[in-house]
Amino acid sequence: MAIALTIFRVLFRLHIRRFWWEDAWAAIAGLCGMAHLINSWVHLFSHGTTCVVAFWVTTFMSTCINWTVRMSILFAIARVARPTQQLFRLSMGFAIFFFLMWGGFIAQKARNFESNSDWYQLPCPSCRIDRSMAAYQLATKFVADTILVVFSFRLIWNVSLPSRQRRMILAIFASSIIMSMFSLFHAIAHFLLATWTETVAVNLEASFCLIICNMLVVVTYAYRVLNRKPDDPKDDDYSSATHSAPTSQRLTTIALAETSASLRPFDSPATFFPDRKENTRSV
């Protein structure tokens, strides 16, 4: 379902010509989700080096899903905040901060797995991160979700947004809280050393992050279709096609307008033949 929603979102935004960075991050998250799903099954039914490689790909793709989804949500906020330059620049700064936290955890995770290669020889190779890294992972996700929640709340409270954009920001506000709950469930399962529960938590977190990310677009589009209100250019929820006329059509319209304006003095026969009335009287 998560991958299907991602495909729908990308195709829909391309169709209406409203594809932006938030959709690109969602597409990357969908690709990571497919890689995670495929390699999870490969890890279960393979042995040796193939199983080790599948575990590496699976565990890193789960991390990438979590952070690309957060980047997509952040850029969705940035799209709404783009008319306000200060908020837009702030969102770009948060994007850099998210990327640094994401890259830092990936580097630490790779170092943790590579420092002890004894797990390569296990019948089903797998390795768990230590408690300090688990705490760092939970802290970075919590910080990122707090930024999304506070940023969304600031847009709702301080910026006069139209009704559709306000609903979209409220959906982002709720989705960030839900993602934090799944991150907390994942961390609790890790600290309790419940391996099977942690595996379920990782898969649930990755799946629901993808679903939540793409449901923002699907629900917004469904509400617009069911509500059937006329489009307002000032209240854009990015679920309708752009109606920009081609350049050649605009130039043709301008040329015709200028031509009609230049011919306007010749509309009256009296104006075109100024001496005709005088000649008739003299006769």
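The backbone N, Cα and C atoms fix where each Cβ goes, glycine too.
According to TrEMBL, the protein has these features:
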| type | residues | note |
| --- | --- | --- |
| TRANSMEM | 20-38 | transmembrane segment |
| TRANSMEM | 44-67 | transmembrane segment |
| TRANSMEM | 87-107 | transmembrane segment |
| TRANSMEM | 138-157 | transmembrane segment |
| TRANSMEM | 169-194 | transmembrane segment |
| TRANSMEM | 200-223 | transmembrane segment |
| REGION | 232-251 | region 'Disordered' |
| COMPBIAS | 239-251 | compositional bias 'Polar residues' |
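Counting Cβ pairs under 8 Å that are 6 or more residues apart, the transmembrane segment (200-223) and the transmembrane segment (87-107) reach fewer than 3 and are not in contact. Pairs of Cβ atoms less than 8 Å apart link the transmembrane segment (87-107) most often to 44-67, out of 20-38, 44-67, 169-194. Same-chain residues lying 6+ beyond the ends of the transmembrane segment (20-38) with a Cβ under 8 Å from its Cβ atoms: 2-3, 6-7, 9-10, 13, 57-58, 61-62, 64-65, 68-69, 71-73, 75-76, 78-79, 206-207, 209-210, 213-214, 217, 238.
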